[in-house]
Amino acid sequence: MKGWMGKFRALGIFGFLMLVLTGCGKENLSALTPKGYGSKAALNLINISLGVMIFVFIVVMVIYAIVIVRFRKKKGREDYIPPQTEGNKALEVIWTVIPIILLVIIAIPTVAITFDLADESAADESLNVNVTGNQFWWHFNYEGQEIQTSQDLYIPTGEKVYLNMKTSDVLHSFWVPALSGKMDLHPENENTMYIQADEEGVYDGKCAEFCGTSHSLMDFKVIAVSPEEFDQWVEDMQNVDPEAQPETADAQEGQQLFQDNSCIGCHAIGASPAATGPNLTNFGDRTTLAGVNEHTKDNIVDWIMDPESMKPGNKMADANYDVSREEAEKIADYLLQLQPSDITPESAETNE
Amino acid sequence: MSDQTLNPETMPEQPERATLEGKNKFLGFWFFLGGETVLFASLFGTYLALRNSTNDGPGSEELFGLELVFVMTMLLLTSSLTSVYAMYHMKNNSFGKMQLWLGVTVLLGLGFLGCELFEFYHYIHGEGFTLRSSAFGSAFYTLVGFHGGHVTFGLLWIIALMVRNAKRGLNLYNAPKFYIASLYWHFIDVVWVFIFTVVYLMGVI
Amino acid sequence: MSTAVAQKKGFGAFIWDYLTTVDHKKIAHLYLVAGGLFFLVGGLEALMIRIQLIKPDNDFVSAGFYNELLTMHGTTMIFLAAMPLIFAILNAVVPLQIGARDVAFPFLNSLGFWLFLFGGLILNCGWFLGGAPDAGWTAYAPLSAVSPGHGVDFYVLGLQISGAGTLIGGINFLVTIINMRAPGMTYMRMPLFTWTALVTSTLILFAFPALTVGLFLLMFDRLFGAGFFNASMGGNSVIWEHLFWIFGHPEVYILILPAFGVFSDVLSTFSKKRLFGYTAMVFATTLIGFLGFMVWAHHMFATGLGPAANSIFAIATMAIAVPTGIKIFNWLFTLWGGTITINSAMLWALGFIPSFTIGGTTGVMLAAAAADYQYHDTYFVVAHFHYVIVGGVVFGLFAAMHYWWPKMFGKILNETLGQITFWTFFAGFHLTFFIQHFLGLMGMPRRYWTFLPGQHLDTGNLVSSIGAFFMAFGAIVFVINVIYTSVKAPKVSGDPWDGRTLEWSIPSPPPHYNFKQTPLVRGLDPLWIEKMEGRKGITPAEPLDDIHMPNPSILPFIMSLGLFIAGFGFIYQVDNLSYLWLVILGMGITLGCMLTRSVKDDLGHHIHKEDLEEEGAEQ
């Protein structure tokens, strides 16, 4: 008996220790450190239901412990035959009615928050972004703004941004745990959700619907900046000159190579809505390469030379281009200087 | 024992359920039809979801004519009735008449199947409407084709029973077999009524 | 022919005996062996998943192979391990518990097994033929429809064939329980395990056809160019989600209800008490079965069905917690006031209660739609359903095996090894899955091949992987236990546990006709009643007479083999139309068998009264 309870307790303590060690997860990624409207609402609901459920668990475990301690077969009474109780109506009623009450306590906020998070009444006067999921990258088209970006979604803090989401291939799911719950992207119908960041920051986003080989590498960023900075960013992005001449010679050559190898056929620079591959307008401002790799020149060159090794199953591996490593370096130089705006992920992180 | 052909004295009131095997078959087959109901319900649901997804190909209004479908409905409804006659004669232990009416049922069923094949042939070669035309095409051929498959299987089944037992008459071993085959036939008929309504009537209106 | 003659046959005859058997007890052995092997395969896949996730940025397996592993782990464990192991227990126990000599459809019973086995083989053929299925066990379209290669085709055809077997098995048990009960065995006197078998069979009957249709649609899309899930043809990917979960949610209850039945019988036997609140337990079982069909869309909260639908399905889902809670409390009060013996079977039952309570409570948390937007498709969900399916179903299967092993094989599994298995598996299970709740909320979606360093996910994943090794150790010890027991353990009597229900009133293992004389049932726990009144066994309901038994048949095996061949034809006709001959050959074999079955009378055979009397004298 001691062994039984002892082992169980040890397990509990161990589990608790693990929790303390790992904390609540990474800031701006974890749903346990909410920074947005949706994630705070969800955490409230999680806490309500968790509270009720811990209560239920404790009740069960108390009865369980009593039963196991008190009613073990005892030495000298091996032949004892306990009374064959059929049941107890009063008890049955109790453990039917009390759970119903507990569930109502959870159900009411559930319905309220579910409707609140689906509220689309403010969609018309808010910023709308059309989100397209692709294997294995994200595209963002700012509705009515002539702005296209990929992988990095810039939003202003303190207001609802509506996302109208669709996929170009298989199902994906848009999830920025620290800001909001997730929603799936379907090929035939548009799904709408809103996100709202209460604080500036660079938030990690992930694809949460199994979408193939590089499902786990389909990360993106949501960059929440102050409304003023956001306006500045919008203006900068709208004034991008896609054909602007880079300053260094290497980058200029890179630009030429970029065109000669028809990179531009898939990767738009500027507000062209075509998006066979990620839009590279503000590529130089990104903090990650392909969502998960460090944004260094070496990595970019590696990517150009062999995209498959960094993101298995991505479509660039099938693209028809032939560049040498030196040429790839020049292309990288060109891409890295595509920094059309002073508003970058850094401005979200420094302006605390 | 159960080999023996039934005569009026040994004839129980419900020969299909006079033995435990018969009872089991009877109940089991009803359950099977319950499962079949879910199967067709799922197909109907799919069809209803996709019936307007014609992908700029032909839609139900252009394709469907009610004349042929009406004839098909009559054929199948009548065949259901004739299979009732067959079961009526089974319970009266008139094996010959049962076989006769089952034969009529089979002929009507063949007529239905012929019409359906003609209809599909017409859609495919006349209208260029196939399984691959659109999601609507896929849903149409799957739903109606599943039903057609059931009709084919039912016909083969009834024919096999008729041929197998032609010489030895009715007994408590084969009575349940005849009975559940006729149950199956009724089920097919009921499904067709829904297809007629949901696919053709709703498609034309 | 008597059983003594059968035992003297050679190995070939032994194999032939199992290939043709229609005896539910031998079919139980077949299910047990096949399900057990698939369980080990699925476990191996799980271990490889956990090794891959033991540290960030790991490359133990490639991304593509990982996706095959996770798909096959889920599919194998649900369809090829849990389902057949449950069918093993149902076959071994249900006819005995209701006092029947066989099931209603012995031929179909055998057919159901062979269909499952050949379906399972098709599924696993992918490993050797260019890639296993890789679209997840849920095979969401359009990923499953466009996944290159033949992987998903093996999934579609394999599940279609094994699903047909399951459906047949379900109908068989429904009719068996309704029509074949011994005199006096009214519905409200059936042991709870039989009750759960009845409800589970009903769920199989109404749930599996939805999967059948879903698989057909996917098959037509992949193999014949249909456009059900192809958006450019007007298709709709949500149809798959609906069909899959209309099947998939009841499937969870198909798995868990028999486990509930096992625990009810085990807890009652080893606390020497009648099941507390039997009527409430029966009511709760049927209510869970019924509600199980009303809640499928809670798997689709993130699909975008709208707040109204999400709220309705949220509340319906929460409602299931009520009958489940009733069950937990009735189990606790079955123990209350009893005299509890703790052995391996009971340990699994006692370990189940806290584990499943955790799984159930996280289930309610998941039902809260707006909160589920965070949990959905993360490791929180992975943790939840492993708590339910491992903590419920697998614990239940272990309990059932320890409890009924003596009935099935006449030997009690070794107690020491049984306890080692329990403690390592139990500790490993909580170690593996408890932490995953937090991993999910900390931002780890499920089905991730790898995770990045610096996201505070390292420790949790490491702990989880360590736990998996403990579980593997426990499972291996169980296999050793089985071998050890069959070699070393002594034979036991028909009633080693002081049992309460009919199966303990006959020898272990039972003779192939089960009951020499059909028993007369005089109440709930019929054997217990007789014991309390000082009798040794059950009062018979009839005088000793000839017993009618069904004949063995090879047809189920050949029929399933035909579908197996046709399955390959369907898969490969995409590459080369001449493979259609394989379809025709396979379907021809199957239909030919059906025709043979239909026209060839199979009237069974009789065991004569004199032989039975002789056997009685021998015992």
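Please read every residue number as a count from 1 along the shown chain.
Yeah, the Cβs are placed from backbone N, Cα and C, and that goes for glycine too.
Listed features, source TrEMBL:
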DOMAIN    C:10-522  domain 'Cytochrome oxidase subunit I profile'
TRANSMEM  C:30-51  transmembrane segment
TRANSMEM  C:71-94  transmembrane segment
TRANSMEM  C:106-129  transmembrane segment
TRANSMEM  C:154-180  transmembrane segment
TRANSMEM  C:192-220  transmembrane segment
TRANSMEM  C:243-263  transmembrane segment
TRANSMEM  C:275-296  transmembrane segment
TRANSMEM  C:308-333  transmembrane segment
TRANSMEM  C:345-371  transmembrane segment
TRANSMEM  C:417-442  transmembrane segment
TRANSMEM  C:462-484  transmembrane segment
TRANSMEM  C:554-572  transmembrane segment
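Only pairs six or more apart in sequence are counted, and the transmembrane segment (C:275-296) with the transmembrane segment (C:192-220) gives three or more Cβ pairs under 8 Å, enough to call it a contact. With a cut-off of 8 Å on Cβ pairs spaced 6 or more residues apart, the transmembrane segment (C:106-129) and the transmembrane segment (C:554-572) reach 3 or more such pairs and are scored as touching. Listed by sequence, the residues of this chain that lie at least six past the ends of the transmembrane segment (C:554-572) yet keep a Cβ under 8 A from its Cβ atoms are 19-20, 107-108, 110-111, 113-115, 117-118, 121-122, 150, 153-154, 157-158, 160-161, 164-165, 219, 223, 579-594, 596-597.
Packing against the transmembrane segment (C:154-180) from elsewhere in the chain are residues 71, 75, 79-80, 83, 87, 90, 94-95, 98, 100, 102-105, 108-109, 111-126, 129, 132-133, 135, 139, 144, 190, 194, 197-198, 200-205, 208-209, 211-212, 215-216, 218-219, 222, 560, 563-564, 567, 570-571: each is 6 or more residues past its ends and has a CB under 8 Å from a CB in it.
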